[in-house]
Amino acid sequence: MENQIQPKAEVAKLELEAVIGFNGHVPTGLKCHPDQEHLIYPLGCTILIQAIKTQEQNFLHGHSNNVSCVTISKSGVYIASGQVTFMGFKADIILWDYKKRELMARLSLHKGKIEALAFSPNDLYLVSLGGPDDGSVVVWSIAKTEAICGSPAAGLNVGNATSVVFSQCHDEMFVTAGNGTIRVWELDLPNRKIWPTECQTGQMKRIVMSISMASDDSFFYLGTTTGDILKMNPRTKLLADTGPAKDKFSLGVSAIKCLKTGGLLVGSGAGLLVFCRSPSYKPIKKIQLQGGITSISLRGEGHQFFVGTEESHIYRVNFTDFKETLVTTCHFEAVEDVVFPFGTAELFATCAKKDIRVWHTLSNRELLRITVPNMTCHGIDFMRDGKSLISAWDDGKIRAFAPETGRLMYVISNAHRIGVTAVATTSDCTRVISGGGEGEVRVWQIGHQTQKLEEALKEHKSSVSCIRVKKNNEECVTASTDGTCIIWDLVRLRRNQMILANTLFQCVCYHPEEFQIITSGTDRKIAYWEVFDGSGIRELDGSLSGSINGMDITPEGVHFVTGGNDHLVKVWDYNEGEVTHVGVGHSGNITRVRISPGNEYIVSVSADGAILRWKYPFPS
C-alpha cells in the first residue's frame, strides 16, 4: 500500500535578489575580508558576503538558528561561524570555504551557544568558546576538521569567558577573557592538552567586553564594562598599564582594535569612536556614531576601517580625516509593515519601532528616514496620488508625512484609544480608514486643511490587524484578532457581512475580481470566502508550524504570496491551491509580504529587522 503513494512534486525555490539587514548585536560580527573587497556580517541564521564597491551579495546558508559569532582566517581562505541553539542541544560551528562560498565542515561539541571564535595565524587551528551553559574552550584542527583538545574556559570562582584572541605570530598561544578572568593558553600538541596561566591584575576586578592583540604579540589590550582599557604582557602575564584614569568610556569599551602604528581604535557602548594611545588613553581623534559600537574591522593596514553599531548601521571611516560615511543601514527592531506606492516598484516604505524608512528598490539604499522617538508604527499606506504617506502609531495618532521630504503634514490625535493598529486609504484620496487596538474601525474625511471623523464602526471586540479597500471605494474588509472579518459598506457606513472563524485573523486580501476574499491567521489555514454572503468556499493548510502573518495577491489574481512564523515565503496558485515556490532566507518571523506593482519582486519583512527582496517567479 505504502509503495503506491506518489511522491509530491518538487517545489521550486524563490530566487533571493537582495537582503537589507545587519545584526549589529553580534560582538565583532562585522568583518572586512583580507582581500579588502568584501564585508562579511551576520543576519539571523545567514551570513552575508557583500562586495564593498558593487554591493553585490552572496549568502552562506547552513545554520539552524541565529549566528552568534563570525571570524575570518588571516589568509582569508576560511570563514568560521557559530550559532545559538536551545538549552541542552549541541550548537554547531560551521567552517566555510570563502572562495567557493560553501560549507566545508560542521564542528559540533559545544552546547547552547558559541560565544567566540578565533583562527591561528597560519590557519592551523581554530579555537572556540562555549556559552554560559557550556563553559569550555576547544581547539580544533582545520586540516582534519576535528577537535584536538578541550578544557573548562575559566576557573571555578570566576565568571564566564566571553572573548578570545589568537597570537599574531605563534600558532600555539591564545588568550581568553571574560568576567573576572584573563587567561593565556599554551597548546601542547604532542600531549593534546592546553595549559592555562591566569593573568594577574592585582586589586582590579573587571569584566572584559573586547580584546585585541598587537601585531608583534608584545601586548594585548582588553576593553572592560567599566569603560577603561587594560594593557597586558602575554609573556610575563602581568598588567602593563591601564587607562584612562578620568573620563572613562561611557557604557563600556565594547570594541577595540590595535593598529600597526601603535595606536588603538576604541568603540564605546554609547557610540563614541576614539583613536588613542597607551599609556594615557586620552582621545586624539573622536567621532560620535548612532548606537553602541560592536565591531571595528580594518581594511588592510587600517588606512580605512568599518564600524558596526547595535542600531544596525555600518560606517566606513578614513583614518586620516576621521570622518564617517554610512555604508549600510536597516531596521534594528521588528519591521511591522511594507508598502509600495501605487503603480511603481522603484521604491517602497517600511515601518518599525521609532521610524518609517523609504528605500530605493534596486540599490537597497535608504532614501528617507522619518523618526518619531519612543513610538512604534504599526502600519503605513501611500495615498494614491503619492503626495502623502499615512502611518498608524501606537500612541493613538495617525500621522501623515510628505514622502519626498519626510515633513509632517498633519496629525489626527486620539484616533483610537489603544493605539492605531492598521490603516488604509481610498483611491480617490479623500478618505482614510483606520483600525485600533480596541477594535473600532474609523472612517476619516481628509480635506485640504481638515481631517474629520465620518463614522466610528464598532463591531470588533479586539484589535484590527488588516484593512483592505475595494477598487470602487464603496466597500472595505477588516480582519481582527477577535476571530472575525467584517465587510463594511463605506456608503451607508454599516456592516454588510461578517465572517467568523476560530482563529486570530492576521491578514486579508480581496481577489481582484472582488467577489471573493482570502484570509489567514494563527490557525495556519488559508480560507477563501464569498463576499456576497460570507460563506466559506475552501480552506488550505498554509503552514505546518506557526501563524501566517502576511499575504498579498497579484493584480491578475492568478497567484498569491504568504509569509509567517515558519520563516518561509510561499507563492501559491490561487485556483489550484498549491504551493508553486518557496523562499528560504528569513530567520525571524515574517510580519508582512508584498508583491511589487508590475509583478517584478516580492518584498518580505521580518521580526529580526530584515527586509528581503525576491525575484517574482513568473513572467510578468
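Placement of Cβ uses the backbone N, Cα and C atoms for every residue, glycine included.
Quick look at what Swiss-Prot annotates:
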- 62-106: repeat 'WD 1' (REPEAT)
- 109-150: repeat 'WD 2' (REPEAT)
- 156-195: repeat 'WD 3' (REPEAT)
- 203-242: repeat 'WD 4' (REPEAT)
- 288-327: repeat 'WD 5' (REPEAT)
- 330-369: repeat 'WD 6' (REPEAT)
- 372-411: repeat 'WD 7' (REPEAT)
- 415-454: repeat 'WD 8' (REPEAT)
- 459-498: repeat 'WD 9' (REPEAT)
- 500-539: repeat 'WD 10' (REPEAT)
- 543-582: repeat 'WD 11' (REPEAT)
- 585-620: repeat 'WD 12' (REPEAT)
Tally of residues which DSSP labels helix, strand or coil - the repeat 'WD 5' (288-327): 0 helix, 25 strand, 15 coil
The repeat 'WD 9' (459-498) [mean pLDDT, rounded to integer]: 94
Same-chain residue ranges lying at least 6 outside the repeat 'WD 12' (585-620) that approach it to Cβ under 8 Å: 12, 14-21, 23, 43-46, 59, 61, 65-66, 312, 330-340, 342-345, 348, 350, 352, 359, 361, 364, 546-547, 549-555, 558-559, 561-565, 567-569, 571
Structural state census, the repeat 'WD 12' (585-620) (DSSP three-state): 0 helix, 17 strand, 19 coil
